[in-house]
Structures are given as structure tokens and as C-alpha cells.
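Listed in TrEMBL:
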TRANSMEM  A:12-31  transmembrane segment
TRANSMEM  A:78-101  transmembrane segment
TRANSMEM  A:121-143  transmembrane segment
TRANSMEM  A:163-181  transmembrane segment
TRANSMEM  A:193-213  transmembrane segment
TRANSMEM  A:242-265  transmembrane segment
TRANSMEM  A:285-312  transmembrane segment
TRANSMEM  A:324-351  transmembrane segment
TRANSMEM  A:357-378  transmembrane segment
Amino acid sequence: MEITSTLFTAKAIYVGIIFAITLGVAAYSTYFERIIAAFMQDRVGPDRAGPFGILQPLADAVKMFMKEDFIPANSNKWLFIAGPCLSMLTALMTSAVVPFGDQLDLGDGIILDLQGIDVNIGILWVFGIVSLGVYGVLIGGWASNNKYSLIGAIRAASQNISYELAMGLSIIAILMLSGSLSTKSIVETQQNGHWNILYQPLGFVIFLVCAFAECNRTPFDLPECETELIGGYHTEYSSMKLGFYLFSEYINMFISGAVMATLYFGGYDYLFNDYVAQISWLGEYAYNVSALLGLVVLIVKALIFVFIFMWVRWTLPRFRYDQLMGLGWTGLIPLAMFNVVLTGASMLFTVNDGGSNWMTVGASWAGVIIMLVVTFAYSEMKYKKKKLATA
Amino acid sequence: MTMLTDFGYILLFIIAAIVFVAVILFLAKLIRPNRPNEEKLTTYESGEEPDGNANVRFNIRFYVVALIFILFDVEIIFLFPWATVFGNKRLIAETDGLWGWFSLVEMFVFVGVLLIGLAYAWIKGHLDWVRPEVKTTEYESKIPTSLYDKINQKYSQ
């Protein structure tokens, strides 16, 4: 890697653009969160800063900068500062391996991957950085030397590690289909509409629930449950450090949306990308135009997930803590294990017998339906028994 | 381009993230006011005087959950390499389809052991959390319930 090469410059610009996109999306997520909340609760929402209130994120940023920041006398000063910084760092670093698009041809034989880096351990990087995210919350909550913060931090850590297991198991099912840990090749196996969601309906649902829990979003926002814990782990924080915590949550939402689009919804794949790459009047630019369209498509897919995050926030009430742990350990982990077994079986029957991909799709959906029927019948039976016992 | 140089770009990401965080914190420090006093710096405890050290005892279950998590996480890491070679077409072709069955059975055994571990923790009650219970009172009122019914009837009209 030569520091002066054009490729390096292009990559550096790419990193800047990705950061700008993530931060911009995160900033405007705060605005749209309020607009959507207002829409769902039949009120107006932010409308003072600029037309339709679109300058609201700017006003918030200015407020974050101008507020007085104090570090409680009893806190551990350096850890108190390190907590939110770590949260922000881990949130920003995850996007390094997400393939935001295909390749761009910059001329002179320089080809720029629209991806920070295509390592062969891509998805492990995401998994590892997400686990590191726990430290930001835990360090911040512990260093505040506040009882509410401590309880919030412990809850956050406990919840994140519990849901990480189910998340890892649902990723394993994806890896079985693609045969590679690289995010790029996971996307490439899904080109032309062979999206993993067709093969992994159950895995996707598990991953989505786990993503909610990992981002500490409602209905899993017990670490910052204001009715019990005031502000949770960021009770003592103010000014920009509080801003980092809040901001990293929105960045995580966007990045997890992008990761879900990558793993389950074909990444930058869209319906007519082969067609766009061959449009004659675009000439030599046709390929680049198709790649850039892919970038836009991926961001739109991620934004749809961000919308789902907000939609759920104003739809579902918060869990109780025993329900949360019960769902994670006794619900999602067995389900995710079942999903791994189901994926293995459905792949074997088709690969060995030379069947088509559609047979794999059929087998995995049939497995899910059978599981649903069995679970329903079992709970119905149990319910009847209970009713008999009490009657 | 080898893998090692590729990781340079990850370093680029890390450096950019650190620079971003540092610059923002520094800028905020420059422009914000700083007038601390004793009241502002006390620990927030709903307006009361803070009572004792905040590093209180917490429920032992959090610790148990962390222990179980480590066991399971290590086992999941072992599944990752297995998952990448499971659907390998070359291996399946070379062994005439036997590879798939062999690795699937192997994985069944492995996940089976995992499941037994989970079931053990489940049955032993390590996954149960304290949940609120509805307690029925044993207190018997001397006022007969028929009186309440009468009052209800009187005022419901």
C-alpha cells in the first residue's frame, strides 16, 4: 500500500464519504424519529427550526456543543470520558466491512471497491465490534459511580451478551449457504434476486429481534428504562458525551440495517442491475452508474430498516426483565439452533440429489411451517391441560 | 495485494474514527462554559443526598448469565469454520455426497451437546429471573360482600 497512490487517495475519500453518510443519516434519524412519533401519536412534531423543522438536528448539535459538561466528583474521570468515546468508536468502525456497493472504475485501470475492506473474516469483524460495544456502556455506567447507572450498565451488558448468542447462531446459517465469511461474497451469492431471506425466513426474524436488543431499542431498552432507572447508564452524562451515547445508538441502527440488508436482502443487488450496466447511451459510464445505483439501493434498504426500528418503538411496550431474558435464552437460542439444523438438512437434500435452489427454499419454508404448527399444537395442548387443572 | 496490506484500510477506518471523536470532544471543550460547583458535581440520586458508595451488590444471576454466555460463545466460534466448509461443492463431489451427511451428523452431535448444556442450565433454574407475583390477601373483611353489592346497585342507576 503506497501512501501516495491514487487508489489510496480514493480509498481515503471513500472512508470520508462513508463517515459523512453514516453521521448524516444518524443525525437525520433523530429528526425522523420525532416526525414519525408525531405522526403515530397524531401531533405535529418538530416544526420550528427551518421549514418543516428540517434544521432540528443542527439545533440539537449546537445545543450539545454549548451545554456545560461536568464530571461528577465521585466518578472515575478517565473511564467516564472513555465510555462514550468507546461507544462512538465501535459504532463508527463497524461500517468498514459492509459492502456499500460494487466496484467503481476510476479510469487508468484503478478499480475502487465500494467497501472499506474485503477481508475474508468480514462478518466476524462485525460480530467482534458489536461485542466490543458492550464495553462502552459498561465502562460509562460503572465510572459514573451512580446506582442507577450501574444497574443500567449491568442490564445492558447482560442483555447484549444474551442476544449475541442467538445472533451468532443465525449468522452461522447464512455462512452455510454462502460458504464464506467475507461480506462481499455473501452479497455476490445473492445476486439476481436469490436473496437469503427466501432461504432464511426464520433466521432473519431471529436476527432482526437480536438487532433490536443489541441496539438497546424499544422493546428492549431496559438499560435506559426511564421509569425505573432515570436515564440508565447515561444518567450522569451531559453535553457532548451524552450526545455520543445517543448518536452511537442511531449509527448502530443504520449500520445494523445495512448489515441486515447485506446478509438477507441481497446487499446492493437490485432487480435490473445487469440491464443498467449495459445501457448503450451511457457508454463507458454504464458500469459505474449501475454500481452507484447499487449504493443508493443499499442505503434505501438500510433506511427501511431504520424506519422499522422507529415503527416498533411506537408500537410495542417495553419488556419486563424476566421476559427479556426468557425470550433470549429459552426462545431465540433454541430457535436459532433449530434454524441451523433446518438449513443443513434442506441444503443436503437438494445439493446431494441435484435439486434446484427452489427446492432449498421450499424445504426451509416447510420446516418453518412445521415448527409453527408443532409449537402451536403444543401450547394449545398445554393450555387445555392448565384449564382442566384449574377447572 | 496481500491480506496484510488490506488491513491497512481498517487502520484507516480506526484512525478516522478516533480523529473524529477527538476533534468533536476538543471543539466542544473550547466553546462550552465551565462553571462547576459542589451541587452540580454530586451524584444524582433523585434529588436526595447520595447514600454510600454506588458500587452496590447486584443480583448474582447477572454473573451466572455471563458465565453461561462465555461457554456458549466459545462453542459458537467453533461452529463458524464448520459452517464455511459444510456446503463446499468440491468436498461433496469428491466424497460422492458422503461429506454432507458426515458433517451434518457431526454438527448434530455438537449442537446436541450444546442443547444438553442449555437444558441443564434451564432445568437448574439459572435462566429464571425473579418475576413479580400476584399475592392474594388472606385478610377477611367483617363487612359482608352483599353490602357492597347493594351499594353498587344503588349508585349504578
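Cβ atoms are placed via backbone N, Cα and C, with glycine included.
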Intrachain residues whose Cβ lies under 8 Å of the transmembrane segment (A:324-351), provided they are six or more past its termini: 158-159, 162-163, 165-166, 169-170, 172-173, 176-177, 199-200, 202-203, 206, 209-210, 213, 220, 222, 357, 359-360, 363-364, 367-368, 371
Contact call for the transmembrane segment (A:12-31) against the transmembrane segment (A:163-181), three or more Cβ pairs under 8 Å: no
Other parts of the chain folded back onto the transmembrane segment (A:121-143), taken as Cβ under 8 Å at six or more residues beyond its ends: 75-76, 79-80, 82-91, 93-94, 96-98, 149-150, 152-154, 156-157, 160-161, 164, 167-168, 171, 174-175, 181-184, 186, 214, 216, 223, 232-234, 237, 245, 248, 252, 259, 263
Leading contact stretch, A:163-181, A:285-312, A:357-378 vs the transmembrane segment (A:242-265) - CB distance under 8 Å: A:285-312
Residues of the parent chain within Cβ reach of the transmembrane segment (A:285-312), under 8 Å, 6 or more residues beyond its termini: 21, 25, 29, 32-33, 36-37, 40, 99-105, 114, 208, 212, 215, 217-219, 253-258, 260-262, 265, 267-270, 273, 276-279
Intrachain neighbours beyond the transmembrane segment (A:357-378), with Cβ under 8 angstroms and 6 or more residues off its ends: 194, 198-202, 338, 342-343, 345-347, 349-350
